[in-house]
Amino acid sequence: MGKKSSSNSTSLSIFNPKYYLKKPQQLVLVIFGFISLVLLVSDRQNLTSDHQEEVLRLNEELARLKLQLEDFNVRVKWSAGLDSADISKDDDDDPVSVERREKVKEAMLHAWTSYEKYAWGHDELQPQTRNGVDSFGSLGATLVDSLDTLFIMGLHEQFQRAKEWVANSLDFNKDYVASVFETTIRVVGGLLSAYDLSGDKIFLEKAKDIADRLLPAWNSPSGIPYNRINLAHGSAHNFGWTGGNSILADSGTEQLEFIALSQRTKDPKYQEKVEKVVKELQKTFPADGLLPIYINPRSGTAAYSTITFGAMGDSFYEYLLKVWIQGNKTEAVKHYREMWETSMKGLQSLVRKTTPSSFTYICEKNGNFLSDKMDELACFAPGMLALGSKGYGSGEAEKILSLAEELGCWDQEYWLSHKGILGNYGNLKDAFAESLLAWPKVELAWTCYNFYQLTPTKLAGENYYFHPGQDMNVGTSWNILRPETVESLFYLWRVTGNKTYQEWGWNIFQAFEKNSRLETGYVGLKDVNSGIKDNMMQSFFLAETLKYLYLLFSPTSVISLDEWVFNTEAHPLRIVTRGDLHQENFQVDRQQKLPIHFRGRKEGRLGYN
């Protein structure tokens, strides 16, 4: 009995603080044991998360090593001078372009892997806070926007994972008010392009699903669509700040996607809806082809508002040209080309030049008043002019192309032979860049390139003002990774073969790498002067900017402009000759594939070239 009582007393004393005052070594042991237990539990909780991050990091590193190995193999073959038919050098590819193309591909891999790691299934990635946000109603905007870029670059493992998400997780039945325009160009366009490239019908089925949900937006008295629609209920309306009007670009930038969908499904309802819009606008189309940005959806007539080739006007003019190209330039689409040519005469009436350096820019117009302001968004225009120059007679084509180009008279040999005039520079490109500002005949692409070059970060602001006696001043100073200037460089290079545009594109890419790349993705800048970063990787950076840069350094046979037309989100769609819709025979040949790797050889070039 005595021993039992003594044992109980000792046991109880362990929980008495006074016990540890007499035996401090016991207190140290208890504290150490408690800390060890906490750390053990914490480690076990973080083990799974850390393991997943490490696996993703290793997968990205493995993919990079694969790219490096492939590059090494290409370089070995190149240096060995192999000249067999399957690896013969492509005339329009070269080692510099190969290297630059792979750098762009690595940038895409970095952007995509960051999205997979931190924002999978969400619309966009916020790299600085390492999370996803749903800017477009949780439609997986970045994922869908990136499908064709992944396919074109040969990132097929990534493409396959994205396809599985589309098949199993992409759901459009959402009580969400969507932008008809943004949903069309990103989601419908992205899915249709993925279908045209891969032949997988899941993409066509999903494109039809979302398009059916958008169709009620065209049920206005005039057929001009409302710009907002609830995806679950089909109720449509316009923004309050437009006074109930529809926006020109938002209403006139669905034709490519919906015509393509009708061709591929043999259902004319999509094409009929969007073509009625153009027919309605054609009734009162002005003599100069320039429409204000607000259109009344009840009457179908223009409302008093700004005329611009920038925000809210831009892609309407782009689609007039591209529907003509999409229809293979036949009689059935002739009126699109005629409307576009009329609008290009109007565009030329808005062109002005600065002093002292003669930078060419496109004004905005309100009534009879011209505003000396140009959006970076309007920098799609040089590429559009280059693309459309092919449809003119020789004299007019040269005039339009001259307007589009940076210098109507630029010639590398000329500048090499006049080095003394330019000053004693070690680098001809530096001499060209600094001295050309004084040259009198500069045009739109040169202006857009200098939107980038004349800021401390070498990245363009959102818009620019041209004050009397001054060349250009940044207005809105952010940069959100926009593609328009790179897009124009791509078209100008394809049309002219002038490698200057590749050099300009490479300089812009390097500026993005220097200022926008983070360990967790790419971000825009809040201010192109200070370089302060924002927290958003826009979906169009993967869909457009990186794709156009990649194609800028690829052979012209890759996504040939004779076979494909790009929508305004850079999604390539197959060109199909227009005629009786029910007689058109559109079919994707599953045996035809884009090459897995576009390099300095012709290996793997099957089908789409």
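Each position is counted from 1, following the chain as shown.
Using the three backbone atoms N, Cα and C, a Cβ is placed for every residue, glycine included.
Bear in mind that TrEMBL entries carry predicted annotations, made automatically and left uncurated.
Features reported for this protein in TrEMBL:
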ACT_SITE  Glu182  active site, proton donor
ACT_SITE  Asp314  active site
ACT_SITE  Glu462  active site, proton donor
ACT_SITE  Glu484  active site
BINDING   Thr568  Ca(2+) binding site
COILED    48-75  coiled coil
DISULFID  Cys379-Cys448  disulfide bond
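Features recorded in TrEMBL, as mapped to the structure shown.
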residue : record                    : CB count, 10 Å
Glu182  : active site, proton donor : 19
Asp314  : active site               : 24
Cys379  : disulfide bond            : 29
Cys448  : disulfide bond            : 30
Glu462  : active site, proton donor : 20
Glu484  : active site               : 26
Thr568  : Ca(2+) binding site       : 26
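Cys379 (disulfide bond) and Glu484 (active site) have their C-alpha atoms 5 Å apart, to the nearest angstrom. Closest in space to Cys448 (disulfide bond), of the active-site residues given as Glu182, Glu462, Glu484, is Glu484, taking the CA atom of each residue.
The average pLDDT the prediction assigns to the coiled coil (48-75) is 56. With Glu182 (active site, proton donor) as the anchor, the candidate recorded positions are Asp314, Glu484, Thr568, and the one with the nearest CA is Thr568.
Put simply, Glu484 (active site) is 11 Å from Glu462 (active site, proton donor) when counted between their Cα atoms.
Thr568 (Ca(2+) binding site) is 10 Å away from Asp314 (active site) when you measure Cα to Cα.
Straight-line distance linking the Cα atoms of Thr568 (Ca(2+) binding site) and Glu484 (active site), rounded to a whole number, equals 10 Å.
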